[in-house]
Amino acid sequence: MALVLYAGNTNKNGYKTLIAAEYSGVKVELVPDFVIGVSNKTPEYLKLNPIGKVPVLETPEGPIFESNAMARYVTRLKADNPLCGSSLIDYAQIEQWIDFSSLEIDANLLHWYRPRIGRTVYIAPFEEATISSLKRALGALNTHLASNTFLVGHSVTLADIIMTCNLFMGFTFLMPKSFTSEFPHVERYFWTMVNQPNFRKVMGDVKQTDATPPVAKKPAQPKEAAKPKKEEPKKKEPKKEPAKPKPEPAEEEEEAPKPKPKNPLDLLPPSKMVLDEWKRLYSNTKSNFREVAIKGFWDMYDPEGYSLWFCDYKYNDENTVTFVTMNKVGGFLQRMDLARKYAFGKMLVTGDNPPYKVQGLWLFRGPEIPQFVIDECYDMELYDWRKVDISDEVQKERVNQMIEDAEPFEGETLVDAKCFK
């Protein structure tokens, strides 16, 4: 009998088991068309979990409920699973962070979320205390992650899976960028995790919420109960005030003009440099790179229409594992996709031994780094940026070497080079 998971396909607690299964090579079948509020009320489901909570994992030995227990079970099906650590202290610290994630992160997120959507009574002072507790927990987590890529050791463990799944609800439903920016290491950690292949296979493309949901309005139950006879006014009440069709189109109309105003970069004076032509030249030059591509770049370059920038990662001391460092850079480039029309970039990972250096070169349309890139790509604040002075031959030569992936670069081994074009 295969393991069967009873959960919706977007249930963050179900994700814990599914991601652990991906890492452990365990097959788990997700029950199709599972609907919370319906499927978990059936007599068959209540035999698996008498209180009807979701998720449940059905195993050959019997059902398991409570999501952390389910994830532990799946993880321990694989002998010597790296998700469990490699020593007694690893195991203890993994359990420590699982408890922390459940009691300090998940609990506070739920206490914040439920009143907002009308599941429980909204009390402003209680919400303030909840957010304060959550920020205290995120601050502690941020401090730990300032010098650690993962929660325990140098690779993903079950603690990372459970922590990320619990943070998932916060990032996608409650905590917009304006909230999480106070915790940059938590941000970096979360986006690194959800972009790992095994996480991404289960979670898909994760997007951060734009705003905290408004407090749900209380229904005027006493007034409705006090006037049972006046059925006709009630029929008139469907003035469609809660779902007025007029405001909704108005909102859509407000959204429609947003694309109409051009990106400020499109309003800049025309430049002699055509970015796509440079990208084609870069991609198509297979030999004599200096003589063809580099020379072509400087022939095209327009210092009035474009600007060049060096960037250096602020936390290179964290870059102790090669593939994690490379994934970090890959995630950055993925999130820079919004600037593809206006930018070209090279990112290098260098070093003979860990910790590795991450540094880059970027070409942006306009005299400064575009504001929309700074606002929308959180990675930008993880780097120190300095504008290239093309009158300085030393800096100009550094640009050349970064474009052509010179090895060694500044006396160090070139571990990896990625291009954004």
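Glycine too: its Cβ is placed from the backbone N, Cα and C atoms.
Database features (TrEMBL):
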COMPBIAS  213-223  compositional bias 'Low complexity'
COMPBIAS  224-249  compositional bias 'Basic and acidic residues'
DOMAIN    1-82  domain 'GST N-terminal'
DOMAIN    87-214  domain 'GST C-terminal'
DOMAIN    261-421  domain 'EF-1-gamma C-terminal'
REGION    209-269  region 'Disordered'
Composition by DSSP (helix, strand, coil) of residues within the domain 'GST N-terminal' (1-82): 33 helix, 15 strand, 34 coil
PLDDT averaged over every residue in the domain 'GST N-terminal' (1-82): 94
Helix-strand-coil residue split for the domain 'GST C-terminal' (87-214), DSSP-based: 90 helix, 0 strand, 38 coil
